[in-house]
């Protein structure tokens, strides 16, 4: 089976070598769609072939994106590269115009998405036994929507794909949930996100009525009146705050995570939550400089309250999966807190923390999923003494618990430390509150690891547990490699992000003071 996967990936690499001069962005966009069409042609009874094909498509897409990354050169004057346009019209009238492009921000988000997709397929290899074809098809559909959302250069088209990403998650909850509450969890996900997004649509129409377009490249240079900025900013912010999620619109996430399968939790925590912070970075912070300065203190206070509240809520959790997800939301509050310092350092380091969180959080959910497959429980009171029973799993959990504690040589340490530096430069009181996350993250990570790994086994049946198999081991290896790489060589990401984020930050200020923007670019 693995020989077949590697052979197909080799064919994809050979195909790529013969078309190096053609725009790779179109191939990365089209590969999941072609794979989805072929997957739908495979009979649903051939489950093994369906899994192999889904894994092959995701790996080929990742290889194509890595070549795209290798050929990408950041440019301070023209951040978007590899722009691909598609248009449809009638008698010379353009009815639909889609433009896809990548800058440093979207490139790293796409790489994170495509790196997690093969892992989502692998972790569901044996756990999903019914409706395998539908499950794998939903993963490929979600991959296509996420890739389009991160690369689209039009706000209206981004809104469409932003909403479309809800549909696969809604169905994944239905396929992966096992309790009667899965219907409630699915509808909470849709209702929260849909209500938040409804405020975004009239604001986009208002922007189109003034600028005559929803193209991001035109909107970023549009001069908006301060009173209009205050209204438009809220419309976009409400849609993205639900996705982050921020207090008090976070209640849908615990329900969704509990009902999702391991693959669904990996993608929800690793990528879908980043759509919210990506939207804040791309649109709110780039288009409305006056509104950002006006509402910034309020959002920082909300982020600080959420950070403290969620960190304390994490300490009282008795379910291991809920402990991980509340910790995940608390770290996302740190991201929004650093974002709204509105300094160049804060923007770059908040984005780097997003990427580090996009690796750590899926890894912890994979640990929870592997443990649940063996013990069939996530309650901490029934767990313990696993170090002598499944030592390889205990090592994996130890590595990622260290990352959650932000130990040195991990990307979370560098990201959180420098985010705290940007917060300190903005306000020392906010720094004192943000340090609570660092202290409490150390407390609940050590406590959870000790409860799971040390002590004596609580149940005699646990003595028959088996350690990680080869498939599960190789699912963790890429995450460990990415963690070490980002921790030891962060400049590979930081230098790339700085050129794009500083450009858009200065461009948002250029409308108010063009001379200062020109000097900043020099």
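Each position is counted from 1, following the chain as shown.
Every residue, even glycine, has its Cβ placed from backbone N, Cα and C.
Quick look at what TrEMBL annotates:
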- 154-437: domain 'NADH:quinone oxidoreductase/Mrp antiporter transmembrane' (DOMAIN)
- 26-45: transmembrane segment (TRANSMEM)
- 52-72: transmembrane segment (TRANSMEM)
- 105-125: transmembrane segment (TRANSMEM)
- 132-153: transmembrane segment (TRANSMEM)
- 159-177: transmembrane segment (TRANSMEM)
- 189-211: transmembrane segment (TRANSMEM)
- 231-253: transmembrane segment (TRANSMEM)
- 260-281: transmembrane segment (TRANSMEM)
- 293-312: transmembrane segment (TRANSMEM)
- 324-342: transmembrane segment (TRANSMEM)
- 348-372: transmembrane segment (TRANSMEM)
- 384-409: transmembrane segment (TRANSMEM)
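Highlighted: of the candidate stretches 132-153, 159-177, 189-211, 324-342, 348-372, 348-372 has the greatest count of Cβ pairs under 8 Å to the transmembrane segment (384-409). Listed stretches 26-45, 52-72, 189-211, 260-281, 324-342 were compared with the transmembrane segment (132-153); the greatest number of C-beta pairs under 8 angstroms is found for 26-45. Cβ atoms under 8 Å from those of the transmembrane segment (26-45) belong to residues 16, 19, 53-54, 56-58, 60-61, 64-65, 68, 84, 100, 110, 114, 132-133, 136-137, 140-141, 143-144, 147-148, 151 of the same chain, restricted to positions at least 6 beyond its ends. Ranked by number of Cβ pairs under 8 Å to the transmembrane segment (189-211), the listed stretches 231-253, 260-281, 293-312, 324-342, 348-372 are led by 231-253. By number of Cβ pairs under 8 Å, the transmembrane segment (348-372) is matched best by 260-281 from the list 52-72, 231-253, 260-281, 293-312, 324-342. Three or more CB pairs closer than 8 A are found between the transmembrane segment (293-312) and the transmembrane segment (231-253), so contact between the two stretches is assigned (pairs 6 or more residues apart).
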